[in-house]
Amino acid sequence: MIPSVLPTYNRAPLQFVKGEGSWLIEADGRRFLDLGAGIAVNALGHAHPALVAALTEQAGALWHTSNLYHIPQQQALADKLVAATFADTVFFTNSGTESCELAVKMARKYFFEKDQPERVDILTFDGSFHGRSSAGIAAAGSEKMTHGFGPLLPGFKHLPFGDHDALTAAIDNKTAAILVEPIQGEGGIRPLPDVCLKGLRDLCDEHGLLLILDEVQCGVGRTGKLFAHEWAGIEPDIMMVAKGIGGGFPLGAVLAKAEAALGMTAGTHGSTYGGNPLGCAVGNAVMDHVTAPGFLDDVNRKAGLLRQKLEALVAGYPSVFEEVRGSGLMLGLKCVPPVGDVVSAAYDAEMAIVPAAENTARLLPPLTITDDEISEAVKRLEAVAHQVATTSDEQPA
Ligand SMILES: Cc1ncc(COP(=O)(O)O)c(C=O)c1O
């Protein structure tokens, strides 16, 4: 018999009833150090007082009106995002997947309006992840995500990660845009080096293409800048955002330059819930915190501390960990034994970490994690490494 919840997830045998800062708490009181943050969602940790206050205040005033009317919280959040980024305009969604949908539509509409309707193709990369909608799976193109779901939305070309020559060769008169994550999250914390991101920008400028960045996982302070592409000193034309922007409330956004958004006039796109007062009340509180003076400096300082300790851990347990990769508080530990074993051992050590491709365990703690919690996390990771190393030693050759 099929379970009452559609069985599409492989869930861990854990259930939490409460969250406090960097901690998740089970009904029996067991406290787990949360280095997953809902997969880079709880940017300010669990039950942050400012977010709780923003949400409850808004809940007492007005939940929902639809986008038939002006929504002041939405306007305020859009103004903040425009002031803080490359963007001239923002559309609010409820998730990263929906942000992907609009990014693709916006790029195609741009070329349609520019009398180049043949330009529909979007170039994407192996190992990428852009959500689970028809456009999202077609964009990523992996067998794992697309198997059995055909016919796939046409107009995506998949290229090897980091192969500049293949990319250049793939550009033709049907190409509209390049879509890329500055750091692949699901793909195993694979950063695109700054020089490559700059190269993509140059390539787009040279061929008149739009550069679409998917910062759903790496954005909103996660790498120590408000958005990850800022490290490379470039600007995209369109950017997908979600996860951290809502701090745990379902909220996403597409940010764009005026030129890229020129086709998106009244009636061309919409969402019932996108930019709803509750979501935007929380989003405003998140933005106020992440952009407050000193917040990102502290993220960078803590990221340095964690990285240093993780490098030492990897050096101490070469039979368990191969390398640390990533940026800021978006880090990956490439594992030697199956990553599933490492994640299970972390659960035994009362700590949540997140598996990803390339046999990598993701560490995506709340940006508010404290120095003491970082030390505690590394202590628990050492226990994990010890347990996994001992277990593999015991296995018959
Ligand atoms: C880079 C990236 N893009 C898109 C998505 C899809 O976002 P959502 O699950 O909110 O639809 C994710 C989710 O993990 C992601 O990491």
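Cβ coordinates come from backbone N, Cα and C, glycine included.
TrEMBL lists G96, T97, F129, D214, E215, V216, Q217, T272 with the feature pyridoxal 5'-phosphate binding site. Within 10 Å of the C-beta atom of D214 (pyridoxal 5'-phosphate binding site) sit 32 other C-beta atoms, taking all shown protein chains into account.
Shown in sequence order, N67, F92, T93, N94, E98 are the residues of the chain, 6+ apart in sequence, with a C-beta less than 8 angstroms from the C-beta of S271 (N(2)-acetyl-L-ornithine binding site). Positions annotated as N(2)-acetyl-L-ornithine binding site by TrEMBL: R132, S271.
Positions annotated as N6-(pyridoxal phosphate)lysine by TrEMBL: K243. Sequence-distant neighbours of K243 (N6-(pyridoxal phosphate)lysine) (same chain, six or more apart, CB under 8 Å from its CB) are G38, I39, A40, V41, A43, G96, V216, Q217, G219, V220, G252, listed in sequence order. Annotation note: K243 (N6-(pyridoxal phosphate)lysine) sits in a helical segment as assigned by DSSP.
Summary: among the binding-site residues (G96, E215), the fewest other C-beta atoms within 10 A of the C-beta are counted at G96. Of the binding-site residues T97, Q217, T272, Q217 has the largest number of other Cβ atoms within 10 Å of its own Cβ. Among the residues G96, T97, F129, D214, E215, V216, Q217, T272 said to bind pyridoxal 5'-phosphate, no two Cα atoms are farther apart than 25 Å. Within 10 Å of its Cβ, the residue among the binding-site residues F129, V216 with the fewest other Cβ atoms is F129.
All protein chains considered, the CB of R132 (N(2)-acetyl-L-ornithine binding site) has 16 other CB atoms within 10 Å.
Checking the binding-site residues T97, R132, D214, S271, T272 for a CB within less than 6 Å of any atom of ligand 1 leaves T97, D214, listed in sequence order. In the three-state DSSP scheme, T97 (pyridoxal 5'-phosphate binding site) is classed as helix.
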